Every structure is written in C-alpha cells, then in structure tokens.
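> The annotation domain 'G-protein coupled receptors family 1 profile' is assigned in TrEMBL to 41-291. Sequence annotations record features per position, and here TrEMBL assigns transmembrane segment to 27-48, 60-79, 99-120, 141-158, 197-221, 242-262, 274-293.
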Amino acid sequence: MDVYNITKVTQFILIGLSDLPEVRYPLFVVFAIIYQITLLGNGVILLAIVTERKLQTPMYYLLANLSLLDIFCPSATVPNMLKNLLTEDHSISFVGCALQLYFLIALAGTEVFLLAVMAYDRYVAICFPLRYSLIMTKVRCVQLLFGTWAAGFLNSFIHTMATFSLSFCKSNSVNQYYCDIPPVVALSCSSTYMAEMLLLVIGSIFGVGAFLITLISYIYIVSTILKIQSAEGKRKAFSTCASHLLVVFLFYGTTIFTYIRPTSSQHSPGRDRLISMLYGVITPMLNPLIYSLRNAEVKGALRKVLHIRICSQKA
C-alpha cells in the first residue's frame, strides 16, 4: 500500500517558483524589490491621507483601506515565498497552512467588497453630487467599511473550515507557492463535494454580487457622464473615478486570468505559479502608482509629505 494512503498529513510542502538556483536567486531579488516597492508605495499613500486634512473624506478613507489590504495581502505570502527561494526547506505546518489560507482569502474577499463600496461611492459622487455629503457621511463610511471587513473574514472562515475539515492522507505537495483552496483541496483523500459546492455557491453570491454592484454603479456613472454637455465637465467627472476604474480592471483582470482562464493542452504548473504572481504581488504594487499618478489631490499631498520629510532631514 502507498505510504501516502496510511499516513496522515501534518505538514505541507509548498512547491516554489523554481528549484533551479540560477533562477531562484534572481527571482528572490526581483520579488524582494517588488515587495519593498509595494510596502513603500502603499505606506506613503496611507501617510498622505493621515497627514493631509483635505484627504480625510469618505473617498480617501476607502482608499486608505485599499492600501492597507495591498500591504496585508502580499505580506501573507511573499515573506514565506522569499524564504523558500533561499532555503531547501519548503515545508509549512498544517496549522500554518490553514492560517495563511484564512488570511489570504479574507483579505482578497475584503478587497472584492471594498471595490464594490468604492464604486458605489463614485456613483453617489457623480450621479448625486449635491446629496453626496448627506449620503456618504463618515458614519455611513465606517459602517460600510466594517461590513466589508466582516464579510471578507466571515467568508474566509467558512471556506477555511470546509477545506481543512477534509482528510489529507495523500501527497502533501501543494502545487503553489502559498496555501490556496484549489491546490489544497486537490490533496484530500475524502469527498470534496461540500467544500467545492460551498466555494461555488458562496463565491457566486458574494463574488458575483459585489461584481454586479461595481458593474451597475459604473453603468450609471458612464450614463451620467455622457449626459454632461461640456467637454470640461465630462473630463472632470471622469477624472474622479478613472483611478478606481483602472484598479477594478486590474483586480478583476488578474483574478480572472489567474483562476478562471481555460486550461490548455500545454498546461504548465510552473507557469501557473508565475501567473498567480500577477494577482498576489504585482497588483498591490501598481495600485498606489495608479492613484498617485492619476489623482491630483493625492499627488499634491504626496509632494507635501515628501517636502516635509526632506526639510526635516536637512534640519
């Protein structure tokens, strides 16, 4: 009998991005730099929002939460991935794998809900500008933020419990550089029907629901912008939501490419692991660049923060 069929799994082995030293070390340097840029970029956005009173509005409170998520999400996977690129030990404990999956799914789910709330915020700002301050109050903003974080972590709790209540007695090699639901469920030697159905049903309700809110909000936004007579008015209206729209396209584009793209006859697990970097590492790095380059208020606040920092160092 195969030893995997009689031995209960107590730890998992994460398949790294590459086992070749000549590729591992350059990858370590590249992803270490990307991770540092991600932390620095999102940290600067947070600092600008906290220190600049003009940015302490619901729209920027939502952006601050997006920056927090873009710090936390790669931090759940990248440090361990960097360690694995330098060492021969790619193991992670059963509990460690469960915790990594829980926080990763919770943070990713929270971001899905947050993008929907940000789309609703832009919908109110553009379609009902005179009533914006009455609808998007600070209290309402806090309530929406609490709901997004609570929904994200509750959603992840359900999936994590369903995934790790399975029996694991086969190979313990996770075909990914972090613990994710599909590669972990694939290792189960018990029925995965319930876990897969929960993923499908809850994913459809929450994920599709959040996507529809985002989509419908932008349908109304575009419709309202097209009704504006002046070109300058259209430009100003579009500029208020252009950054968020780019972030939405980037998030859903990389997510679909990572998880929903069709399989091909030339399926390569190594290539899939590299593609997953788009969703887990590249997107969080690009988000602060998008907001800092396309948003005049954020650019102004960043200049002020950098000016104060330079002056303090000279003093």
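In case you wondered, yes, glycine gets a Cβ from its N, Cα and C as well.
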> With CB pairs under 8 Å as the measure, which of the listed stretches 27-48, 60-79, 99-120, 141-158, 274-293 comes out on top against the transmembrane segment (197-221)?
99-120
> If you average pLDDT over the domain 'G-protein coupled receptors family 1 profile' (41-291), what do you get?
87
